[in-house]
């Protein structure tokens, strides 16, 4: 059954609301103003989805996609939307979510356009066809892997790695997935699964510093020795510092965006002597601030590898810091974080509801919160406001070109 409809608005995540006679559905790759013929699909999460069969009349912002597999690949949600519209769209997602919290005291800053060919972190899935094994991305809303020759949003180094992987399909025998991260001085490449042939791996990108790893049964081991250590270069006041980053550590997917995020935190922070960093990871956000200010630092994080990395980095940088492993979605010891001058919150997508609902136990002077889901960030913000904090600044940050994803950075102070 085919039905016709008009695309209205692109929602966070990148799917578009399409209204038809008798139906409202979410459709991938649609642009506001498109007049479409759509095939309804099954409901997912209680919402009817559809797929475009024909664009009968394109909307004013529709463009031809630059990527040859854009219609299939699930990696980029906004390939058919004019690039000059991306920053405004993502800014609107943040502003709309936080609208009820924004007051006359709030400094609001829209997102800036992010450059393509800048994504430094990637996760390919490995599949097999008549040409052999290949690394690619999932199709939209599917576990079907798309074969592609290049990806325009990846850094040149990752594009080259992918090209060489395609030229050596035998080396991917037994591999289920590949994670790669390009840093300031080298690249971690993690092969997931039962690796049957690893001897040829060092020959790929042989002129580049690459550390190959194998991950099986949740254990990551080096494939080439001596093991190379790589670093992220981060701003700390008037200088840059190097943070050691391992293959299992999380870092933001775009270097320039991460540096901007860190610089904004340092710009917004008032005088600090004690910093609390919850969901601290390897100390990406707080260690540069501690270096710049000389502040004492207390952090907590669930991932034990990241806690060890944060401790190692703090010691090497000469920072008075304590990092502990804790599940911040459950009860944890709040005492070390009480009364901090600044509390940094960088939770995963579901937000920091438990911490924000109990913020009066911590009573920091300032809170800087990073949210990768506007709705979760606004929900957490409502709880902060109810407990006496005001939204002083809010900035949308586009860290992923062409993706249906936006980050928000918010500053809260006691009223």
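For all residues, glycine too, the Cβ spot is worked out from N, Cα and C.
Automatic prediction, not curation, is the source of TrEMBL annotations.
Remark: residue 372 (active site, nucleophile) has 348, 349, 405, 407 as non-local neighbours, by Cβ distance under 8 Å and separation of at least 6 in sequence. Feature annotation from TrEMBL assigns active site, nucleophile to 372.
Non-local contacts of residue 301 (S-adenosyl-L-methionine binding site) by the CB criterion (under 8 A, 6+ apart in sequence, same chain) comprise 279, 280, 281, 307, 310, 323, 324, 325, 326. Among the features that TrEMBL reports, S-adenosyl-L-methionine binding site is placed at 252, 279, 301, 346.
Residues in the domain 'TRAM' (1-54) partition by DSSP class (helix H, G, I; strand E, B; coil) as 0 helix, 36 strand, 18 coil. Here TrEMBL flags 1-54 as domain 'TRAM'.
Looking just at the domain 'TRAM' (1-54), the mean pLDDT is 93.
A strand conformation is recorded for residue 301 (S-adenosyl-L-methionine binding site) in the three-state DSSP classification. Its Cβ placed at the centre, residue 252 (S-adenosyl-L-methionine binding site) has 25 other Cβ atoms within 10 Å. The local packing around residue 346 (S-adenosyl-L-methionine binding site), expressed as other Cβ atoms within 10 Å of its Cβ over all shown chains, amounts to 25. Apart from 252, 279, 301, 346, the S-adenosyl-L-methionine site neighbourhood in this chain, defined by C-beta within 8 angstroms of the site C-beta centre, holds 250, 277, 280, 281, 284, 285, 347, 370.
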